[in-house]
Structure formats: structure tokens, C-alpha cells
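Asker: Input: one structure, supplied below.
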Amino acid sequence: MVSALGIQLGVVGVYLVVALAVGLLAYRLTSKNAEDYYLAGRSIGTVVLLFTTFATLLSAFTFFGGPDLAFRAGPEWILVMGVMDGVLFAILWYVVGYKQWLVGKAHGYVTLGEMLGDRFGSKRLRAVVAGISLFWLFPYVMLQQMGAGEAIVGLTNGIVPYWAGAAGITVFMIAYVVIAGLRGVAWTDTLQGLFMLGVVWLAVGWVATAAGGPSALSNALATNKPEFLALGGGLYSPQFIISTAVTIAFGVAMFPQINQRFFVAKSGTVLKRSFALWPVLVVLLFVPAFILGTWAAGLGISVPEGANVLPVLLNEYTPVWFAALVVAGAMAAMMSSSDSMLLSGSSYFTRDLYRPFVDASLSEDREAWIARIGVALFATLTFVASLFRPGTLIEVGDTAFGGFAQMALPVIIALYWAKTNRTGMFAGILGGQAFYLAHVFLPTVEIAGVSVFGPTYLTWDFALWGMLLSAVLTLGVSAFTATAPEENQSRFSEGLRAD
Amino acid sequence: MTRARIDYVWIATFAVLVTFAVPWFLWGDSRVFAGLPLWLWWHIGWMGLTAVVFHLFTRRAWDRGIVDGVR
């Protein structure tokens, strides 16, 4: 057991150090070309754009949360994530992403808050958008630390405690951003993404072979978990599938690191290619990752308290070093996507909050240092919060996505309806957030026989009702209030050029 | 077809792609084919089809609804 533990920790440690070294090298090689601090001079090509966006999917939510849910509730999670990411998000990639790319190119925007603040002539709106984004980024970074902690518990069968895994990834995360600087993340995202895609398929092949092939595995499911083979049932009602897919898809489009990528493409061609390849990439990642969790249920794997199913399954059916390699790869991928989040988060903080409100004459050097200190502080706070284990990986992730989703419809309305005004935007964004926060934090109460602040209304998730409310408020208030003189109504419609 | 008509055809196409990414008509079905549930095969095939339609969209209708006066 000691030797197995030695191999596990050795593989994880070496992989993380190598990943850090590659990041440093990539940074040294690329930083001189990066004209622009955050956007690499709007010069990101198809492969890198696709994979840096893809890398955001390579988070604890996908690698550990998804298989856990498939293990507990069945493989329908593949459909939820498929329709969410492969189809709905791809459409939003066009509707929000392409439009934002055109607008950003015409006026030189770098953040969502900057774009909206300029259009509606309001520094305050800019700050509200940045503040809300940072607020919901917090649980999502925390999710990565929880995932790492749980993965280490599963891999070492509880010998290494949860907090050590979470602390480990926090230290690496901060080191990556502070030492390697805030550039070159896209590069390592691409390498990590390709590596993980390969390794997940190897894992599927290995487990399938060791357990007697896919047919033997589905027979095991039919015997031990017959309800898993039938579509629907249990957790998976049509309402659950639709609500979850819709809120996550719209939430993802408002995620700082995703939304900022909408500004970085080199040309329209890059966005087109990425758009068409998206459903294929999604299937290639989600099907193997979640089918592993499902198979584990059929094989009767028992998962220790507070661990993820994936490392436990791999330990049982593949060599120790391979299981450790998958966990290390997943942790490194989570680390690099956390860095993208922290990078975008720090640009929201410095550009939309610090510069406009604290020190407008901030030098670039000082801005870089404030960003680094901010990142270290943010990651430390999320680490502390992760020790309290406020929910499962899926619950925490879902809460964060839902929070971002409340901003999506006001933003889309603003992008396409020139009559949207500042008051309408404030009403839609703040109204949606207030509604959503009340449902996340307040206990359910009965008022005249109706449950208020409960998880659903008429069987539909409250996050969906919040989105509806945000849209109604934005449209309604804009229609009945006057436009402020500082607003630039034609900002999002005139002067857009595709070439 | 008029410009607006073509817009509606694309909107309807996207709606169909979203709707049937989940094979609702196989609800409760537990048939297995080659080791995986039948409904999962539908989903994998549908995502392939979606990629092809998206590719056609980028070739024939990109900019539609976003940049005025194109096509």
C-alpha cells in the first residue's frame, strides 16, 4: 500500500510540476508576441480558440462531478450536457459570441462590462456587471479545489485527506499565475485539452477490456441498475433536463473567461470553424467521461465518503500509475482552466472596478501587480470556502451557472434591441440577481399554500423563472422609461463589419 | 424565398436541432445496442448531424440576423 501511495503521489506531483514548467516555457516563448495583455492582440486562431474555450469544459464539473452524477443517477447526464453545450451553447456562440466579436472589434472592448458601460453611458452599470461576474466566479473556482480534494481522496483511498488535495491545487494555481504571469494560458490549455481527450478514451478502452467489453458492462448494468439503461426516470425528468441544459448554456455564455474569448478571435472564419466543430468535440469528451461513471454503477464499485467515482474505478480496473496519471491530468487541466478564469476575473477587477473607481492613472506595471495580488487573495478565499464543502460538485457548479444565466437575457436584448435603455438594464440585471439570490440563500416558506423560495415553481427550476423575470424587466422597463442622454443607442448596430 | 422567410427557416431548423438532441420519443426505452443504450446512439448521431447543419449554416447563412445588408 505504501508503494502504491508512493507511485500515486509521485505521478501526480511530477505531472503537476511538468505542467507548471510547460506553462512557464510557453509564457517565455509567447509573451513577447502578445501585443495585448489579455487578448493577445485579437489574434487567436481556430485551434487555440476552440481548445481554450473547450478547456473551460475541462473542469472539475466535467471530470469528476459528471461521472459522479452518472454513477448515482444514470447516464442521461450525457444528454443534458450534450444539448446544453453541443447545441444550445453553439447557437449562443453565434447569437452572443459573433455579435460581441463584431461590436468588440468596432469599438475596442475587452470586457463585457466595458461594452455595456459604453453603450449605456454608465460606469455604474460596468461595475455592476463586473461585480456580479466576480461573485459567481467565486463558487466556480472553489469547485475546482473541491474536485481536486475529492479526487485525491478517491485515488489514495482516503490516506491523503481532502484538504491536502484542495490546498495542493491552490498552491499550484497561485504559482502558475504569479510566476508564469497572466499570459500564455491559452497555449497550455490546448496541450492539456488534447492530452485529457486522449487519456479519457484510453481509460474507456482499458476499463472496457478489463471488464469483458461493452456488452458485458451493459449486462452488468441491466442486472444491477436496470433503471439506468432506460431513458429518464429518477432525477431525470423532462423539466430537469430542460432547465439544467438551458441555465447552464446561458450561464456559460456569460462566464468571464468564455465571454472574454468572444472578443479574441482573429477573424470571422475562426468563429465559423469553431461553431461547426463544437458538437463533435462535446460528444468526444462527454460520452466517454460520463459512461465511465455509469459503468462503475453496474460494476458495483463502492466509493468512499467524500471521494469521486472516477479515481476509484480506475484504481480497480487499470494499473496504479495510469489511474494516477488520469487524476493528475485532470487536476492539471482544472488548474489551467482555473487560471483562465482567474485571468479574466482579474481583468474584470482591474479594468472595470479598480481603474474607473480607485485609480484612473494606474500604470501597466502596477496593474499587473494588483491583478496578481488579487488572484492570490481570491484563490485563497475560495480555498477556505472549499473546506466547508457546501454541496456536491454538480450543485455548486449549477448554482454558479444559474447566477451567470440571470445576466444572459438582458445582455442579448441589449445586443439586438436598440430601444433597450439604462434603466431597463439595471432593472433586468439586478432584478434577476435579487430573485435568484433569494432562492439560493433563503429557506423555503409557505405563503397561502404556495411554496416560495423553493427549488421549483410548477415543477420548473427557479433559475429558469429568474431568467424570464430578467427578460420581462429589461423589456418592460425599457419600454416605459426614457433613454438617458449619455446612451449610445447605435453602438451595437452601426459600423459592424464582418471582414 | 424572401429574406425574412429564410430567417424563419433557419430559426426553425435550430429549434429542431435543440429539441431532438434528446430523443424524447424513446422516453423509458431501455433497449441496448452494441453495449450502449439505443437512446445514446441517437444522441451521438444527432450531434453529428448538428455539426453538419452548423457547417452548412456557416457556408450559406452566416451573418444572417446580425450584419444588415449581407445576402
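Placement of Cβ uses the backbone N, Cα and C atoms for every residue, glycine included.
Since this is a predicted model, take the numbers as computed values, not measurements.
Okay, these came from TrEMBL:
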{"type": "TRANSMEM", "residues": "A:6-27", "note": "transmembrane segment"}
{"type": "TRANSMEM", "residues": "A:39-65", "note": "transmembrane segment"}
{"type": "TRANSMEM", "residues": "A:77-96", "note": "transmembrane segment"}
{"type": "TRANSMEM", "residues": "A:125-142", "note": "transmembrane segment"}
{"type": "TRANSMEM", "residues": "A:162-182", "note": "transmembrane segment"}
{"type": "TRANSMEM", "residues": "A:194-216", "note": "transmembrane segment"}
{"type": "TRANSMEM", "residues": "A:236-255", "note": "transmembrane segment"}
{"type": "TRANSMEM", "residues": "A:321-349", "note": "transmembrane segment"}
{"type": "TRANSMEM", "residues": "A:369-388", "note": "transmembrane segment"}
{"type": "TRANSMEM", "residues": "A:400-418", "note": "transmembrane segment"}
{"type": "TRANSMEM", "residues": "A:425-442", "note": "transmembrane segment"}
{"type": "TRANSMEM", "residues": "A:462-482", "note": "transmembrane segment"}
Asker: Count, for each of A:77-96, A:236-255, A:400-418, A:425-442, the Cβ pairs lying under 8 Å from the transmembrane segment (A:462-482), and report the range with the highest count.
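Answerer: If we count Cβ pairs closer than 8 Å to the transmembrane segment (A:462-482), A:425-442 scores highest.
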Asker: Determine which recorded stretch among A:77-96, A:125-142, A:162-182, A:236-255, A:425-442 has the most C-beta pairs below 8 angstroms with the transmembrane segment (A:400-418).
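Answerer: Out of the listed stretches, A:236-255 contacts the transmembrane segment (A:400-418) most.
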Asker: Could you tell me what the rest of the chain brings near the transmembrane segment (A:425-442), counting residues at least six beyond its ends with Cβ under 8 Å?
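Answerer: Distant contacts of the transmembrane segment (A:425-442): 116, 120, 125, 128-129, 132, 399, 402-403, 406-407, 409-410, 413-414, 453-455, 462-463, 465-467, 469-471, 473-478.
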Asker: Are there at least 3 C-beta pairs under 8 angstroms linking the transmembrane segment (A:125-142) and the transmembrane segment (A:321-349), leaving out pairs fewer than 6 apart in sequence?
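Answerer: Stretch pair touches.
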